[in-house]
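**Student:** Shown below is the structure under consideration.
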Amino acid sequence: MNVESQMKKRTTQALGETHVSAANVMATPNASVRFWIITMLLVLLGLATLKLR
Amino acid sequence: MLLALAQWLAQDVRFFSVFNYITLRTVLAAMTALFISFMVGPTMIRKLAAYKIGQSVRSDGPQTHLVKAGTPTMGGALILTSIAITTLLWGDLHNHYVWVVLLTTLGFGAIGWVDDYRKVVHRNPKGLSARSKMAWQSAIALVVGIYLWDAASLPANTELIVPFLKFFVFPLSAFMFVALTYFVVVGTSNAVNLTDGLDGLAIMPTVMVSGALAIFAYVAGNAVFSKYLGIPYIPGAGELAVFCGAIAGAGLAFLWFNAYPAEVFMGDVGALALGAALGTVAVIVRQELVLFIMGGVFVVEAVSVMIQVASFKLTGKRVFRMAPLHHHYELKGWKETQVVVRFWIITMLLVLLGLATLKLR
């Protein structure tokens, strides 16, 4: 195993699930944008608590 | 439909009165559109791929785009289906603005559908001719303009509002109003279509602008808020917030599948319709000039094409390496995702600037 792939593996292990899904399942931009969408929805949900109570 | 049901149930159970609130229905519309798109999206993409409804890529475009050939397109049908179902569920169907916006959106979607269908299914590279496309777009936009002029009951319905300047309000004549409506609706529709050239580039600004227009619609339709903020009160316009919420929800769900590397493209059926929807809402809430600011990315993309064509015809030289503008930056060495995210950031700033006009005047 060369240095680069070793580093990649160690980074993936260190950073956990996010990068595992980025490395194994979907392209990085795709994973990033999907996490942004989830965050946007959670922020909207948080803001909705201002009114929905 | 659900509003009518809730109002009927509210006669016996007071809790159902909560659905009269536009804010709640806007949030529910966004969630419903999101849910429908998430549920239907994967099946639709599989069907589009199975029927080989794939995008053709311009041969003179950036070389990096050639790998995109064959990616399922016409995904805009998913967005329009979600928006239409959601608006019919959560919108007040007695409100004529809801019908104007919905029918305009579906009308422009139908033009895009025919164009896409001819290109993709009939393998006719020209699709609908530019002249036919423009003629149909013009016909719908003119009908919208004439109807809105005819239905206007207050001077505020037809005045041109200048952002940041409280006392600059221009009453428009019938001709000027219809002409302005025409240019805003057709212009926005085509500008969004031109922007739709990179994965996620058109849909995210559409989501952001529709979110901001939802706020403008809500404020314009509320007598207290509109008076406080000094913007024209348009009775009934608040209901458009529900429609804008549906666009935002359906758009975000579409982005899930359209993010780089895209699993599906929206095609003309989505781009033309979404642009027309934004334009029509802006006309009704009298925020055409604010739309010009918030949709700055769409404007710049469209203007880059005009400059490129004019320059090439007049001088034989190109101003940009390639038009629309996003291809220029790609050829300068920016990665596709960099162009997309940077254009999103610019739109975020422009939307904030647009929203600032609510208070700063």
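Backbone N, Cα and C atoms are what each Cβ position is placed from, and that goes for glycine too.
Heads up, here are the entries from TrEMBL:
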| type | residues | note |
| --- | --- | --- |
| TRANSMEM | B:25-45 | transmembrane segment |
| TRANSMEM | B:66-90 | transmembrane segment |
| TRANSMEM | B:96-114 | transmembrane segment |
| TRANSMEM | B:134-152 | transmembrane segment |
| TRANSMEM | B:164-186 | transmembrane segment |
| BINDING | B:ASN193, B:ASP268 | Mg(2+) binding site |
| TRANSMEM | B:198-220 | transmembrane segment |
| TRANSMEM | B:240-257 | transmembrane segment |
| TRANSMEM | B:264-285 | transmembrane segment |
| TRANSMEM | B:291-312 | transmembrane segment |
| TRANSMEM | B:339-358 | transmembrane segment |
**Student:** How about the transmembrane segment (B:164-186) with the transmembrane segment (B:198-220) - do they touch, taking at least 3 C-beta pairs under 8 Å (6 or more apart in sequence) as contact?
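**Tutor:** No, the transmembrane segment (B:164-186) and the transmembrane segment (B:198-220) are not in contact.
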**Student:** Does the transmembrane segment (B:339-358) reach the transmembrane segment (B:66-90) with at least 3 CB pairs under 8 A, where each pair is 6 or more residues apart?
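**Tutor:** With fewer than 3 qualifying Cβ pairs, these stretches do not touch.
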**Student:** Taking B:66-90, B:198-220, B:240-257, B:264-285 as candidates, which has the most Cβ pairs under 8 Å with the transmembrane segment (B:96-114)?
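**Tutor:** Most contacts with the transmembrane segment (B:96-114): B:264-285.
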**Student:** Which residues, given as numbers and ranges, are at least 6 beyond the ends of the transmembrane segment (B:264-285) yet have a Cβ under 8 Å from it?
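**Tutor:** Those are 41, 44-45, 48, 55, 71-80, 83, 97, 100-101, 104-109, 111-113, 115-116, 120, 127, 137, 140-141, 144-145, 148, 180-181, 184-193, 195-196, 202-203, 206, 209-210, 213, 216-217, 220, 234, 237, 240, 243-244, 247, 251, 254, 257-258, 291, 295, 298, in sequence order.
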**Student:** So, do the transmembrane segment (B:240-257) and the transmembrane segment (B:134-152) meet, by the test of 3 or more Cβ pairs under 8 Å (sequence gap 6 or more)?
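**Tutor:** Counting Cβ pairs under 8 Å, fewer than 3, so no.
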**Student:** Looking only at Cβ atoms, how many others are within 10 Å of the one on B:ASN193 (Mg(2+) binding site)?
**Tutor:** 28
**Student:** Residues with Cβ closer than 8 Å to the Cβ of B:ASP268 (Mg(2+) binding site), same chain and 6+ apart in sequence?
**Tutor:** B:GLY76, B:ILE111, B:GLY112, B:TRP113, B:ASP115, B:ASP116, B:GLY127, B:ASN193
